[in-house]
Amino acid sequence: MKSGSGGGSPTSLWGLVFLSAALSLWPTSGEICGPGIDIRNDYQQLKRLENCTVIEGFLHILLISKAEDYRSYRFPKLTVITEYLLLFRVAGLESLGDLFPNLTVIRGWKLFYNYALVIFEMTNLKDIGLYNLRNITRGAIRIEKNADLCYLSTIDWSLILDAVSNNYIVGNKPPKECGDLCPGTLEEKPMCEKTTINNEYNYRCWTTNRCQKMCPSVCGKRACTENNECCHPECLGSCHTPDDNTTCVACRHYYYKGVCVPACPPGTYRFEGWRCVDRDFCANIPNAESSDSDGFVIHDGECMQECPSGFIRNSTQSMYCIPCEGPCPKVCGDEEKKTKTIDSVTSAQMLQGCTILKGNLLINIRRGNNIASELENFMGLIEVVTGYVKIRHSHALVSLSFLKNLRLILGEEQLEGNYSFYVLDNQNLQQLWDWNHRNLTVRSGKMYFAFNPKLCVSEIYRMEEVTGTKGRQSKGDINTRNNGERASCESDVLRFTSTTTWKNRIIITWHRYRPPDYRDLISFTVYYKEAPFKNVTEYDGQDACGSNSWNMVDVDLPPNKEGEPGILLHGLKPWTQYAVYVKAVTLTMVENDHIRGAKSEILYIRTNASVPSIPLDVLSASNSSSQLIVKWNPPTLPNGNLSYYIVRWQRQPQDGYLFRHNYCSKDKIPIRKYADGTIDVEEVTENPKTEVCGGDKGPCCACPKTEAEKQAEKEEAEYRKVFENFLHNSIFVPRPERRRRDVLQVANTTMSSRSRNTTVADTYNITDPEEFETEYPFFESRVDNKERTVISNLRPFTLYRIDIHSCNHEAEKLGCSASNFVFARTMPAEGADDIPGPVTWEPRPENSIFLKWPEPENPNGLILMYEIKYGSQVEDQRECVSRQEYRKYGGAKLNRLNPGNYTARIQATSLSGNGSWTDPVFFYVPAKTTYENFMHLIIALPVAILLIVGGLVIMLYVFHRKRNNSRLGNGVLYASVNPEYFSAADVYVPDEWEVAREKITMNRELGQGSFGMVYEGVAKGVVKDEPETRVAIKTVNEAASMRERIEFLNEASVMKEFNCHHVVRLLGVVSQGQPTLVIMELMTRGDLKSYLRSLRPEVENNLVLIPPSLSKMIQMAGEIADGMAYLNANKFVHRDLAARNCMVAEDFTVKIGDFGMTRDIYETDYYRKGGKGLLPVRWMSPESLKDGVFTTHSDVWSFGVVLWEIATLAEQPYQGLSNEQVLRFVMEGGLLDKPDNCPDMLFELMRMCWQYNPKMRPSFLEIIGSIKDEMEPSFQEVSFYYSEENKPPEPEELEMELELEPENMESVPLDPSASSASLPLPERHSGHKAENGPGVLVLRASFDERQPYAHMNGGRANERALPLPQSSTC
């Protein structure tokens, strides 16, 4: 892969060459740019694209952190990118359509990790917008982590790519938040064409004003012009003239001298995968990516940078390649610095792939972990060293086997003394090479060995013989005293006497070793390792720092001196070959005499076979109504020679739960999905012999993941690493590896015995409810030498379980593996849901008829319902008949038919969909006689009188009951004008709030509201003395019904009555025309719940904001209480007070939100009780949960929960409890716990709001009065509490009202000292009256005083009326 560069050197090199050729090879309107363009850090680098028609290479646009207006940058000439397009972290770019309006083809000749289009972390990108992009000829797309990117679900990528299975589109803006609209759909004049994606038939477009281009079906795979005329077959993407290969926008195969051709003409060569060039052109291209200056080569009709694998240049003067003899040589070396010093793994990396080292090799590795395997990886291909080899002070080396291919040391340059192989002072070196498998020649020079205490002299002498240097060295060149003095160099051979194997254990014994002095033998060490091939040596993978590929076990000497030592090796893998050898541990030197050692030859032994592991990645797809295609991968551990697979399948019974539903109810039709084609059907079915027969015929289950999905999961972590390494100008902190999804759970028993079922009686009856409990038999087949099969003769649209077992050569004795299984459903059969027989009818009394029909004999799964379409000549009516009703009556009755001629047709609906309509049946309903009408009148008149009298009695009873309830003190139910409670018959009438549509401008989306999208915009003249005002604009979804539009406007009408600083204001309404708009005060910081969560310290983007202090919490509480006090004063019960329904302004003021806006966004905060609407149970008071009573007292309870949300930064109340548990917990008197670090003052206020008796809770005015001293000074200027509207009545008036309405508990102040039936005025706290404000009740009762209304506390033990806390400075 080519690496990008921020500079211009490679681009300039290409540019010099291409500039002269561009005019002759492409239309004169532009030029060919290459070899790839990298634009980063500075948006002005985009000017490099100004004249580009084709980018021959890649295009990177990345790491531009400064947001700019890109509208001034437009590159209409660019039509083709030959490799890939990559965009990453470009701030401010909202669409690619303006940048590249005519980009038509991305060829994908070279890919960015399998992708031709990558859009990654583009934070401001709103749409892709490449409306002229017609083809991505190779590779997939990856669009990931673009938080604001929409219009992804409206693009049909299958029209652009040949295959979409490898596309990766994850982490972008959720489609339901996008509101994607294709051109014309809002005006109900759609301009775009429709296609089907994931079973959704919808319009396809790039943006709100650009459709996705589709060619007529007559063109097939050919491109087309803008006028939908078919292009020449050699054109790709588009063309200017039909059937003309000289006017193509891009070529399907190759471009040569203005013409698109299927192959390059003789004398020309393919270049960069898309055009033809001659030999002179290829010879003059500088190789910008090669370390030498040999230029490009010609091979197999293509002009390329380097010879392909297995080929080498014929000579340095030739442009042609010839096959290598063996591995292709790679010469390394520096003419100036002839000695290559290897002192670390890093320096060894420079020799990776080298086969010939021109110069000398000096190895000086003093330390390092796992050094041997690393050196072998980087130096293992070296065959020839032209100079000398010197190994000194390399204490980390045990062996030189890492130079596994070294065969020749030329010695053209030698050390002083004519040494060409020099080994000095290597304290742990024990082996040079395995001379049984090594041929090494030292052509010139001598060898020198000194101070290698563990290297036996015999090893050095053996090298003399193999390398042909014997006789060259003098006596002092190989020092026998300081080489091998610490090693057991003269070894006896230990011989194994017995071996016994199991599947995971080996027992070995060997002859007893007897040194001259038994005391010199200390113990034995057994070495063993996995050895797939019989080519291991004792020193493989060893270094002096402890790395060793061998496992070691110490064996003590047997107590009996005559006994044979042995060892049990356990924890081994089944059916695995192991290499084992034994070494005696002896004293190496006693009084300067060498002690003979002992070790065995390497023994190769294989463990026994065992049951295989389960097959992997079982997938199934259906290609017809009677077949399932099954594919899997071999087991990870065959534990033997894998011989065959057992495939077993079982039809699953229908889900009885489905049968209990009445599918005539709305939204009851289940998801219909069969096992769609997730694997290559042609590949599986190419051999009909793999089919197996026999079988039988259940509800949809989750489909198994496709191969593409699994591959995408595997590649994700690796892709991220490659991608982040590529962006070398940025610093990344890699995320922890994502865990792979667990494999399917399988049975924990092996299949040691099997019964083969070949036939089964078909007793299935769709009308029999017992079939829901049926246990169907398994069928079985053996599959040899393949990991796929086709199961035939299955029932249509039926669920099957398919088990796959692995079996190896020992299956007859050990059994097969446990199963891996998959569930799959066959496709529906055409016509299976049609009603087979004629529809008959019988007349019934009272203008009714009874229709009868037979059920489908073998439907697609379960019959859910029948639909009857009947009518006279005027209009058809429809009647739904549930399956249960049909089974009960054998048909359906049509009632209250008017006299006349009728036709009726019937259609069955199964799990897979609808059947065909039956042929019409004709019937006649006669008119009633006069006598019948008279009798009906006689019967109906008394019934009507009884119904009227009964209705009056019920009304009187309800009125009396309601009046008595109001006297019991259980709360007053105010008539609420909440927008959920209004008559749908109300019709909105424009008034002075109407705003002209042209005064409104929408800018950006804010979020989804109850009725539709909410936008930020600008309104002109809606606020006095402000020419323009930033506003929030609420809209209605285009699919909304008339009722919903009326609800939307009437909700706005409620807001017209409110004029309070702490309630979000309505600014205007646009009701004329479509869409309907409601203009609200803009609350830039969103809802209080989101705002509080953004203050959490762990939030990623919270770099400035800090959690609120106590004074800020009290300020929020006071502002919310002031807004609620205003609503209470206007006889409005909110019913849904919560942090999500409060809004935060630019100056951090908290206001009561416009009602209903957040109900969709926080849908999980609501709970549907029984068949009722959604209820916010976690914020509701006990009386509201029990009786559905909503009063200002219940709003106070909710206010206490809001205080708890403020203190916890918007945690969910009653965390850990389900909605049903919360409902019971609150009704039984449970309360929220005190939040961590919550000030006592705030928690006491919460507890006061959560008094079980509604009358014991303070009013909102009392709450404000208790904390008014803590509020900011501006609160007095803007609040309802201090306004003239809240001026309290005179004491005489209040006392008179109390005497006149003693049962009105709403007006009774909560005075703890009240103990008599008379209700005198409470005293003002400290005898003072608030300035510019009402008198305030401050509840400071002593707990020793008698508590009021103690009998009304719901029977809760030790319940006390908590006083409102005294405010204090934070």
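Glycine is no exception: its Cβ is also placed from the backbone N, Cα and C atoms.
Lifted from Swiss-Prot, the feature list:
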SIGNAL    1-30  signal peptide
DISULFID  Cys33-Cys52  disulfide bond
DISULFID  Cys150-Cys178  disulfide bond
DISULFID  Cys182-Cys205  disulfide bond
DISULFID  Cys192-Cys211  disulfide bond
DISULFID  Cys215-Cys224  disulfide bond
DISULFID  Cys231-Cys239  disulfide bond
DISULFID  Cys235-Cys248  disulfide bond
DISULFID  Cys251-Cys260  disulfide bond
DISULFID  Cys264-Cys276  disulfide bond
DISULFID  Cys307-Cys321  disulfide bond
DISULFID  Cys324-Cys328  disulfide bond
DISULFID  Cys456-Cys489  disulfide bond
TRANSMEM  937-960  transmembrane segment
TOPO_DOM  961-1370  topological domain 'Cytoplasmic'
MOD_RES   Ser1279  phosphoserine
MOD_RES   Ser1283  phosphoserine
REGION    1304-1370  region 'Disordered'
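Feature map: Swiss-Prot annotations on the structure.
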residue: Cys52; record: disulfide bond; Cβ neighbours (10 Å): 22
residue: Cys182; record: disulfide bond; Cβ neighbours (10 Å): 24
residue: Cys205; record: disulfide bond; Cβ neighbours (10 Å): 26
residue: Cys211; record: disulfide bond; Cβ neighbours (10 Å): 19
residue: Cys215; record: disulfide bond; Cβ neighbours (10 Å): 19
residue: Cys248; record: disulfide bond; Cβ neighbours (10 Å): 25
residue: Cys251; record: disulfide bond; Cβ neighbours (10 Å): 23
residue: Cys307; record: disulfide bond; Cβ neighbours (10 Å): 19
residue: Cys321; record: disulfide bond; Cβ neighbours (10 Å): 20
residue: Cys489; record: disulfide bond; Cβ neighbours (10 Å): 19
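Within the same chain, residues at least 6 positions away in sequence whose Cβ sits under 8 Å from that of Cys456 (disulfide bond) are Gln430, Asn483, Gly484, Ala487, Cys489. Summed and averaged per residue, pLDDT over the topological domain 'Cytoplasmic' (961-1370) gives 72. DSSP classifies Cys224 (disulfide bond) as strand under the three-state reduction. Within 10 Å of the Cα of Cys205 (disulfide bond), the following disulfide-bonded residues from the list Cys192, Cys248, Cys321 place their own Cα: Cys192. When the disulfide-bonded residues Cys150, Cys324 are scored by other C-beta atoms within 10 Å, Cys150 scores highest. When the Cα of Ser1283 (phosphoserine) is compared against those of the disulfide-bonded residues Cys251, Cys264, Cys276, the shortest separation belongs to Cys251. A gap of 28 Å separates the Cα atoms of Cys215 (disulfide bond) and Cys276 (disulfide bond). Counting every protein chain shown, the number of other Cβ atoms lying within 10 Å of the Cβ of Cys235 (disulfide bond) is 27. Ranking the disulfide-bonded residues Cys251, Cys307, Cys321, Cys324 by the distance of their Cα atoms from the Cα of Ser1279 (phosphoserine) places Cys251 first. Using Cys248 (disulfide bond) as the reference Cα, a 10 A cut-off selects Cys231, Cys239, Cys260 from the disulfide-bonded residues Cys231, Cys239, Cys260, Cys264, Cys307, Cys321. Taking each Cβ in turn and tallying the other Cβ atoms within 10 Å, the top scorer among the disulfide-bonded residues Cys178, Cys231, Cys264, Cys276 is Cys231. If you check the disulfide-bonded residues Cys178, Cys182, Cys260, Cys324 against Cys192 (disulfide bond), the ones with a Cα inside 10 Å of its Cα are Cys182. Among the modified residues Ser1279, Ser1283, the residue whose Cβ has the fewest other Cβ atoms within 10 Å is Ser1283. On its own chain, Cys224 (disulfide bond) has Cys215, Pro216, Cys230, Cys231, Ser238, Cys239, Pro242 as residues at least 6 apart in sequence with a Cβ closer than 8 Å to its own Cβ. Ranking the disulfide-bonded residues Cys33, Cys192, Cys239, Cys260, Cys328 by how many other Cβ atoms lie within 10 angstroms of each Cβ puts Cys328 at the bottom.
Using Cα positions, the member of the disulfide-bonded residues Cys33, Cys178, Cys235, Cys251 nearest to Cys211 (disulfide bond) is identified as Cys178. Comparing C-alpha positions, Cys235 (disulfide bond) sits nearest to Cys251 among the disulfide-bonded residues Cys150, Cys251, Cys264.
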